[in-house]
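Here is the structure we will look at, set down as structure tokens.
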Amino acid sequence: MSVLTIKLPTNEVSYELKIEKGILNRVSNEVSKVFTGAKIAIVTDETVYDLYAKSIIKDLEAADYEVQCIVLPPGEQTKTFDSLPNLYSAFAEFGLTRSDLIIALGGGVIGDITGFAASSYLRGISYVQIPTTLLAQVDSSVGGKVGVDLPEGKNLVGAFYHPLLVLIDPLVLETLTDSAFADGMAEVIKYGCIKDLNLFHRLMDLSSRKEVMQHIDWIIETCCTIKQVIVQADEKDLGERMVLNFGHTLGHAIEAYYHYKTYTHGQGVAIGMVAISRIAESKQLTTDGTTDRLITLLQQHRLPTELEDPEDYPKLLPYIKKDKKNIAGSLSVIVLSDIGNATVHQTSLSFFDSLDTGGTT
């Protein structure tokens, strides 16, 4: 088992990320180490319910916990305010108190909306993250960002609310679709781009999902360690943590523009990383050839590198204006000096003047 501990001295929060194959078989044992209450509400989606929730419920009930499972539809469309009242009502009907626990069992959508519901119901109930997608295991379950989407943009309403515990079981990745697995690889590649040249090179040597899975424990631990260090240094996303948003300014805009139906999060981030790097290279902010190296790796792991319709690029600008990193007319854009080295570039919306060509000049 690999155990990483996130310690946040600013508010005295400390919790563990446990990475181990088969850890989902003993959720009750791990939960009992951090939780002494009686009731547990599990929030999951329809897909994960059939795959994993039933056995986890049986395990928790065998340990004398009173368990309720709330099942939501899968997909980004669930991560909205419309889903919150049903969650709050289910918590109330179950009689959850501040001494009880909520478990987020699923991918990034479930983790984000469950964490936000936990942060706001009764002004805060403890929760545990059990991520079941690669994207959630390496990124969204780590660091305490929770939230929901608005029609105007992604994650515009949210909070920093950390879990008691994160349980990561790499074995669950075997049940992911190829598309969902590739989605997570976009975030893995992002980590290599922003902080770890060795990770980037290792990923270049892996040409198939099977090969990636042979190294998955190391990959997950490497990504989580990078995020652990960054979050501990900048919990509130005011400085260094911004580099984790490489590709996300455009990625979120792509998701929102297409109403979360055409491109997944990972696909949006992949396209966003390429477009940003093209623009940055044209402005001599990024070393020549960086974008080509990035495109090669993304395509190798079956991710798109540009929009199907190039005429849609300028239509993303209204969504970029609403990005959380746009403050008082100044926009923080994450660019690569080179592979493995990201910086925060303070600029304005004019940075994206060449976006109508996908970043080319």
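Cβ atoms are placed via backbone N, Cα and C, with glycine included.
Features of the protein shown, as given by TrEMBL:
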{"type": "BINDING", "residues": "Gly108, Val109, Ile110, Gly111, Asp112, Thr132, Thr133, Lys145, Lys154", "note": "NAD(+) binding site"}
{"type": "BINDING", "residues": "Glu187, His248, His265", "note": "Zn(2+) binding site"}
{"type": "DOMAIN", "residues": "70-181", "note": "domain '3-dehydroquinate synthase N-terminal'"}
{"type": "DOMAIN", "residues": "184-326", "note": "domain '3-dehydroquinate synthase C-terminal'"}
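Shown here: features listed in TrEMBL, placed on the structure.
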| residue | record | DSSP class |
| --- | --- | --- |
| Gly108 | NAD(+) binding site | helix |
| Thr133 | NAD(+) binding site | coil |
| Lys154 | NAD(+) binding site | strand |
| Glu187 | Zn(2+) binding site | helix |
| His248 | Zn(2+) binding site | helix |
| His265 | Zn(2+) binding site | helix |
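Calculated from their C-alpha atoms, the gap between Thr133 (NAD(+) binding site) and His265 (Zn(2+) binding site) amounts to 12 Å. Cα spacing between Glu187 (Zn(2+) binding site) and Ile110 (NAD(+) binding site): 17 Å, rounded to the nearest whole number. Broken down by DSSP into helix, strand and coil, the domain '3-dehydroquinate synthase N-terminal' (70-181) contains 50 helix, 34 strand, 28 coil. In the predicted model, the domain '3-dehydroquinate synthase N-terminal' (70-181) shows an average pLDDT of 95.
Within 8 Å of the centroid of the Cβ atoms of Glu187, His248, His265, where the record puts Zn(2+), the same chain has further Cβ atoms from Leu135, Asp139, Ala186, Lys190, Gly247, Gly251, Gly266, Gly268, Val269. Between the C-alpha atoms of Ile110 (NAD(+) binding site) and His265 (Zn(2+) binding site), the distance comes to 14 Å. Neighbour count (other Cβ atoms within 10 Å of the Cβ, all protein chains): 25 for His248 (Zn(2+) binding site).
Counting only the Cα atoms, the space from His265 (Zn(2+) binding site) to Gly108 (NAD(+) binding site) is about 10 angstrom. Pairwise Cα distances among Gly108, Val109, Ile110, Gly111, Asp112, Thr132, Thr133, Lys145, Lys154, the recorded NAD(+)-binding residues, top out at 21 Å. Cα to Cα, Asp112 (NAD(+) binding site) and His248 (Zn(2+) binding site) are separated by 16 Å.
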